[in-house]
């Protein structure tokens, strides 16, 4: 076990913003960088691409929808490094605007990965985070827009400083159920499934940061959600304003906050600035 070596890990690291984050961490992080991807072939191809640039990330398979896959990664990190220093939860999906898939199916599929998959990764890997560790959950400005489109009752719940993880899970499940019944708008939900899943990611980040402050107060772990901006990726398309490299800036900034930093913690960060939630 090479537990003296620091290690950073990025989910969904084989393309787009994830790949740009891995590239930056390989250059700036003093330790090993693990690129994870659902598809082994694509993940290893991304590693080879970075190796051709003179960088040396490691690869490990990870499908955030598969608990066994998450646990295999957890065991690898524990055995190889005795824990984890930096976790960047970047993996996520979105349907294209013109996608003909029925809305309730889009809601269920997007929620499964973006919220529940990310939550499962946190459940398994947060206990491994070492003192002065950094956790970055890549959310979206769409979460802020979706929040503003929620009913006042839902907004109040999502902004609550005391909402529990169980309550948040209940709300995320309710959204999916409401879409199946065709009553989501009547129930105060916005019509962006992606936006609601990212509300989930942002609020989950606030909850986990609060728990870390309560349960591991002296460990100086900082956990935040962030928006990378509108980035030219397979997800956002070619018209977006930022390159993947520019999209990686805020996540990497949060991943590399100096050891003595007091914050940000439990915040939603965009363009390296704390945004009001």
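Using N, Cα and C of the backbone, Cβ positions are placed for all residues, glycine too.
Here the structure is a predicted model, which means the values were calculated and not measured.
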The glutathione site in Swiss-Prot lists 95, 96, 97, 193, 194. Which one of 106, 215 belongs there according to the record?
106
Report which of 211, 217, 239 appears in Swiss-Prot with the annotation N6-1-carboxyethyl lysine.
239
Residue 96 (glutathione binding site): which of the binding-site residues 10, 15, 20 is the nearest Cα neighbour?
15
Candidate with the highest Cβ count within 10 Å, taken from the recorded positions 15, 96, 239:
15
Compared by Cα position, which of the binding-site residues 106, 140, 194 is the closest one to residue 30 (NADP(+) binding site)?
140
Looking only at Cβ atoms, how many others are within 10 Å of the one on residue 20 (NADP(+) binding site)?
25
Residue 140 (substrate binding site) in three-state DSSP notation:
coil
Whose Cβ, among the binding-site residues 25, 196, has more other Cβ atoms within 10 Å than any of the rest?
196
